[in-house]
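Colleague: Input: one structure, supplied below.
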Amino acid sequence: MKLKALREAFDIWSSQIPREFKEVQNENSADIKIKFVTGQHSDTQPFSRNKIIYAHADTSGVLHFNDDTIWKVYENGDKIMPAAVDFNWVALHELGHVLGLPHNNDIKAPDSIMREDYKNSVDARGFYLRPRLDLADIDNIKKIYGEKVVRQNRTGAKNANSSSSHFL
Ligand SMILES: [Zn+2]
Ligand SMILES: [Zn+2]
């Protein structure tokens, strides 16, 4: 479930920029290393039970999820579970950090995925609605990576001008 959600989060970002992400099994060949860890986990940013941090990530390709979190991989229309944390939202947000985006707390972008304050995304009736990138997120990521250009080659197949990163 979480793996599928992660793949979808990568797809959401790569649909906007000339980057492709490929899953690899060998950690050494991964540019982005995703782990589920708890407490002290042999880096300088331990998770603590006192201050709840769901995950941390940076542009070196580190993405650590705090597995003391009650994660929930919601589908559209699900009822919100008050104690659970939306894995889709956090994965999309943290990947934004991996790709180089800082927090965006601009009041003009209340639905930015890069807001520092996590929130459930819900529809007008309060049921789950999968998080998306808002216009500010799309603008900001394109400032770093440029536009995704889709070319038509002679056989008619579509080729994106992609360079690839690997994740684990
Ligand atoms: Zn860590
Ligand atoms: Zn963040």
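Keep in mind that glycine also has a Cβ here, set from the backbone N, Cα and C atoms.
I grabbed these lines from TrEMBL:
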- 2-147: domain 'Peptidase metallopeptidase' (DOMAIN)
- ASP31: Ca(2+) 2 binding site (BINDING)
- HIS41, ASP43, HIS56, HIS64: Zn(2+) 1 binding site (BINDING)
- ASP67: Ca(2+) 1 binding site (BINDING)
- HIS93, HIS97, HIS103, MET114: Zn(2+) 2 binding site (BINDING)
- GLU94: active site (ACT_SITE)
Colleague: Using CB under 6 Å from any atom of ligand 1, narrow the recorded positions ASP67, GLU94, HIS97, HIS103 to the ones that qualify.
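Modeller: Those recorded positions that pass the cut-off are none, since no Cβ is under 6 Å from ligand 1.
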Colleague: Considering every residue in the domain 'Peptidase metallopeptidase' (2-147), what is the mean pLDDT value?
Modeller: 94
Colleague: Can you name the recorded positions among HIS64, ASP67, HIS93, GLU94, HIS97, MET114 whose CA is within 10 A of the CA of the residue listed as 'Ca(2+) 2 binding site'?
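Modeller: Passing the 10 Å Cα cut: none.
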Colleague: If you count the C-beta atoms lying within 10 Å of each candidate's C-beta, which of the binding-site residues HIS64, HIS93, HIS103 ends up with the smallest number?
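Modeller: Candidates: the binding-site residues HIS64, HIS93, HIS103. Fewest Cβ atoms within 10 Å: HIS103.
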Colleague: So which other residues, same chain and not among HIS41, ASP43, HIS56, HIS64, have a Cβ within 8 Å of the centroid of the Cβ atoms at the Zn(2+) 1 site?
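Modeller: Sorted by sequence, the hits are LYS35, VAL37, GLN45, PRO46, PHE47, VAL62.
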Colleague: If I take the alpha carbons of MET114 (Zn(2+) 2 binding site) and the residue listed as 'active site', what is the distance between them in whole Å?
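Modeller: With distance taken Cα to Cα, the residue listed as 'active site' is 8 Å from MET114 (Zn(2+) 2 binding site).
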